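S.K.: Here it is: the structure, laid out below.
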Amino acid sequence: SALRLVGGRGRCEGRVEVELEGSWGTVCDDGWDLADGDVVCRQLRCGTALRVPGAAAFGRGKGSILRDEVGCEGHEEHLWDCPAELEHDCSHKEDAGVVCSEHQEWRLSGGQDGCAGRVEVFFRGLWNTVCDSSWYQLEPRVLCHTLGCGEPLQHLSFDHTLPGKMLYECESPQPSLAHCKWTYNKSAPCYQSRAAGVVCNGRGP
């Protein structure tokens, strides 16, 4: 079996989908709670569950509804280790979702539009800056693509004025910076860094 989150703004939030014999299905929100979400988040290496929205908050899934009345205690290794009903009376308007603590989203702030400015990442409930000590060619490219802003034109530098600092290192093009190697609030690599900024060639939404 495999597990994924779909329809969110990153790989650590979205509608919960489980794979069974090669096709993906959803989980019904009856009895869906934080303990269930914690198991999903931990299984995906996404930390702990911050919220567990039901009612197809991330859109309605397709395919079968594979679990109902999920009853995790929170310590299980996999979602399918938890007791659940396989028979259900649900429709896709009851698809379960989760937002995990390691969910990351990005914005460029202080520029003319959403495609230029200081790089800021929302992580563990706070907006943080990004250290420029490993902000080379790939990292700004990945970010501009993720934001739908085209290609990077120019690097900018700012001061760190937010609570935390994130460092990204991409070794190949990735769908988002969260798929690259990242470290949070490690002082050594960020010691003399400035806050990264970028101007992308696209226009904000």
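If you go along the chain as it appears here, the first residue is 1 and each next one adds 1.
Just so it is clear, glycine is given a Cβ too, placed from its N, Cα and C backbone atoms.
Keep in mind that what you see is a predicted model, and the values were worked out from it rather than measured.
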S.K.: Going by the disulfide annotation in TrEMBL, which one of Cys72, Cys100 is bonded to Cys82?
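M.R.: When TrEMBL is consulted, Cys82 turns out to be bridged to Cys72.
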S.K.: Which of these links to Cys180 by a disulfide bond in TrEMBL: Cys170, Cys190?
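M.R.: Checking TrEMBL, the candidate bonded to Cys180 through a disulfide is Cys170.
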S.K.: Write down the Cα-Cα distance for Cys180 (disulfide bond) and Cys72 (disulfide bond), rounded and given in Å.
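M.R.: Answer for this pair: 30 Å between alpha carbons.
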